[in-house]
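Okay, here's the structure, questions in a sec.
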Amino acid sequence: MQRSILSGVLSVAGTKVLTLVIGIMTTPILYRLLGPTGIGVYTTVLSVFSLFMILVSSGISDGVRKFIAEEHEMDCWEEYVVGFYFRLALVLAVAGAILLALATWTGVVAWIFGPEYELYFYLLTVMTIASQFQAYARRTLMGFGLERYSEPLKVVQRVTFIVVALPLVYYMRNRGMLEIAVLGALAGKIAAATMVAVIGFALIIKRTSLRSFLRSTPEDFPRRRMLAFNSLSIVLILLLMSLYHVDILMLQLMSGSNEQVGYYRAALKLAEFLWFIPMALQTVFVHSTSELWSNGKTERISKLSARTTRYTFLLTGVMGLGLAALANIAVPVYFSAKYLPAVTPLLLLLPGSLGFAVARPILAISQGKGDLKYPIIATGTAAGINFVLNFLLIPRYGMQGAAVSTSIGYGSMFVFHLWSARKVGFDPLSDARLGRILGTTILSAPPIFVLARVLDVRPLIAGFHVPLALALVPPLGLGVFTFFAFATGALGFGEVFDTLSSFPEPLGSRAETLQTKVRENTMSSDSIQKLMVVTGILLFVSGIGYAFLDPGIGGIGGVGGANQGSSINNTQTVAGTTVAETTHGTTPTKSTTQAKSTTEKTSTSPSTTTTDTNPPPSTTSDTNPPPSTTTDTNPPPSTTTTTSPPTTTTTSGTTTTTTPPTTTTTTSTTTTTTTTTTTPPSTTTTTPGTTTTTSGASTTSQSSTTTTGSTAGTTSSPTDTTSSTTSSGSTSNTTTNSSSWL
């Protein structure tokens with residue numbers, strides 16, 4: 001089965017690009033419809049299902065993919081392998097579905113997760129059978145080398161899920177059934193798996209025959225070897241998948257918060273973008289390197305693994321830098337502002353996700369040999385570290401503890417699988433250039449982060465505020481990172497052109513033409529590299545200086561500093577001091593006089609305050625001159641308040657109620673407020689329960705208030721007018737009734 005490994009990688013990678021684009025466009029819709037709590041429930045159910053399906057299908061999918069790809073002298077070898085694994089898949093799927101139904105019916109699910117999960121687990125029994133044959137069909141096609149068919153089926157699966165799941169979730173949400181809207185998403189999963197299984201079986205029958213599914217195997221068929229591989233493969237995949245799901249399950253069980261699980265899952269979703277290329281390599285390498293191992297091409301395997309390790313480091317490194325720089329922008333834009341708590345777990349997960357990304361192709365090459373002893377030890381050690389750290393950190397730190405634990409577990413995968421690879425018989429670091437890759441990452445970080453900060457603007461385009469950083473930083477950051485990669489020697493011009501020339505037309509021929517022109521250039525590659533190093537260092541230093549000298553960058557056009565004089569929600573900001581205007585009004589039954597209050601600026605602050613008083617109906621008032629208030633405030637340490645009871649005097653049908661002054665005494669200073677109001681002749685003022693007739697009279701009310709330096713208030717009841725004065729960070733509130741001015 002001679003074929004190009006690169007063509008397989010391109011087939012898988014091309015499909016993954018398409019599914020990634022579809023996922024980027026549709027995942028936010030599902031996350032917004034279900035919300036953090038719904039996503040928490042959905043993630044918990046899928047995590048349990050994924051771990052359960054390892055026991056049901058992992059040995060099947062990996063085994064059929066590996067053994068079909070092997071060259072064997074037995075006649076009809078491919079048909080025997082297809083039939084053997086089909087029958088095994090059928091038995092395990094039915095047994096798994098029955099086991100799930102029994103666990104739900106006997107109350108085990110309700111005891112562990114709660115009774116609300118029982119309905120979801122009954123639906124998982126159907127999903128078990130559909131997912132089993134979906135995985136079997138795709139992996140069988142991959143074993144035949146038909147990635148051009150197996151990978152587009154992932155697009156079919158994704159589109160079917162969207163078409164079924166999103167309308168169901170939307171319908172349930174609008175009908176007030178949000179608590180069971182997860183059922184709509186699970187129904188979409190079942191429909192998608194069924195569609196892929198049907199199409200996949202049709203393609204397999206074209207390659208072999210319908211009889212191959214039921215054809216018995218001969219006596220010399222290596223059943224025991226296949227079952228042994230299945231057993232070891234199940235152990236390996238179980239340990240590997242525990243790194244994906246144990247943290248989610250432990251977070252749900254220990255915190256009891258579906259909302260935290262939803263935030264954490266959102267962070268994982270973004271961190272898993274780093275695995276885009278490594279997963280494509282891992283998918284192809286298992287069966288592709290199986291051919292190389294069986295033909296004894298160990299040297300080629302070592303070269304392949306070393307170059308793959310270096311390229312994976314570079315690709316995931318630049319993606320990790322971009323995600324870290326854009327995390328605060330990407331999370332609220334992608335998932336909505338509800339998911340802002342996911343930013344911190346995302347940043348904690350990125351370093352470990354980088355290590356796991358590099359470990360994936362190394363693990364796949366080890367699997368291709370079929371010797372799973374050392375990969376199991378390496379993966380088991382990393383999984384054990386992950387479990388212990390989650391157990392210790394989640395109770396204390398919640399989802400942040402889960403992120404730290406998982407990141408360490410992910411990162412340790414790279415270290416342990418380096419040891420495993422050398423035990424298996426190849427060296428992934430023979431041409432990895434780790435020092436140069438590290439230098440590239442360190443030099444690229446400041447310019448990329450500065451770009452993200454400078455470009456954090458959202459101009460209004462077609463009625464939408466478009467975040468320019470998300471559109472411009474990825475290509476610009478990739479350019480900066482690539483420049484430093486060539487400058488440090490992490491990448492070479494020759495090897496890049498060699499790789500590009502292997503791509504399909506028209507890219508391959510154009511790469512060869514460009515390579516010829518570069519070779520004809522009179523300037524040597526060493527000179528070009530030295531020039532790039534100097535330029536790169538200058539770019540790095542300028543980025544560092546820009547970040548440190550102007551840490552308050554808010555984007556193009558500058559958004560720094562306080563916006564003086566701005567008013568939001570009736571709050572006035574003056575010279576860094578916030579003054580809240582509040583009007584508490586009690587409208588009298590009859591009122592002919594509107595009380596006015598003017599607060600003058602104090603000598604200690606340029607702050608001014610405007611009091612807005614709602615006038616009572618039918619009010620006529622002529623006040624000349626306007627009332628004035630003079631305040632002299634010195635900050636004292638303590639306050640004592642004494643209030644005298646009101647005095648009522650009745651004289652020949654006229655009742656006058658006088659509220660005595662309220663005096664507050666302080667240990668240091670006193671604030672005196674004097675208010676003079678002149679009422680013109682023939683003015684009648686009426687308040688509830690109080691009637692005063694004044695002809696050309698002048699009424700002066702004086703109150704004495706001692707200010708504590710923080711807040712001083714004089715209150716006469718009932719309250720009609722509230723004024724507020726802020727001076728040098730302190731607030732003085734005076735509440736006055738119209739009757740208190742008389």
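Positions of Cβ are set from backbone N, Cα and C atoms, glycine also.
Note: TrEMBL annotation is automatic and uncurated.
These figures come from a predicted structure and were not determined experimentally.
Below are the features I grabbed from TrEMBL:
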COMPBIAS  579-613  compositional bias 'Low complexity'
COMPBIAS  614-638  compositional bias 'Pro residues'
COMPBIAS  639-742  compositional bias 'Low complexity'
REGION    579-742  region 'Disordered'
TRANSMEM  12-33  transmembrane segment
TRANSMEM  119-135  transmembrane segment
TRANSMEM  155-172  transmembrane segment
TRANSMEM  178-205  transmembrane segment
TRANSMEM  226-246  transmembrane segment
TRANSMEM  273-293  transmembrane segment
TRANSMEM  313-336  transmembrane segment
TRANSMEM  342-363  transmembrane segment
TRANSMEM  400-421  transmembrane segment
TRANSMEM  433-452  transmembrane segment
TRANSMEM  472-493  transmembrane segment
TRANSMEM  531-549  transmembrane segment
So if I exclude everything within five residues of the ends of the transmembrane segment (155-172), which remaining residues of that chain have a CB under 8 angstroms from its CBs? That is, six or more out.
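Those are 15, 18-19, 22-23, 26, 29-30, 33-34, 134, 178, 180-181, 183-185, 187-189, 191-193, 195-196, 199, in sequence order.
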Which bits of the chain, at least 6 residues beyond where the transmembrane segment (400-421) starts or stops, bring a Cβ under 8 A of a Cβ in it?
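Distant Cβ neighbours of the transmembrane segment (400-421) are 243, 247-248, 250-251, 264, 267, 305, 344-346, 348-356, 358-359, 362-363, 365-366, 374-375, 377-379, 381-383, 385-386, 389-390, 392-394, 427-429.
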For the transmembrane segment (342-363), find every same-chain residue at least 6 residues outside the stretch whose CB is under 8 Å from a CB in it, and list them.
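Beyond its ends, the transmembrane segment (342-363) has Cβ neighbours at 240, 243, 263-264, 266-268, 270-272, 274-275, 277-279, 281-282, 285, 305, 308-309, 312-313, 316-317, 320, 323-324, 327-328, 331, 335, 375, 379, 399-400, 402-404, 406-415, 417-418, 420-421, 428.
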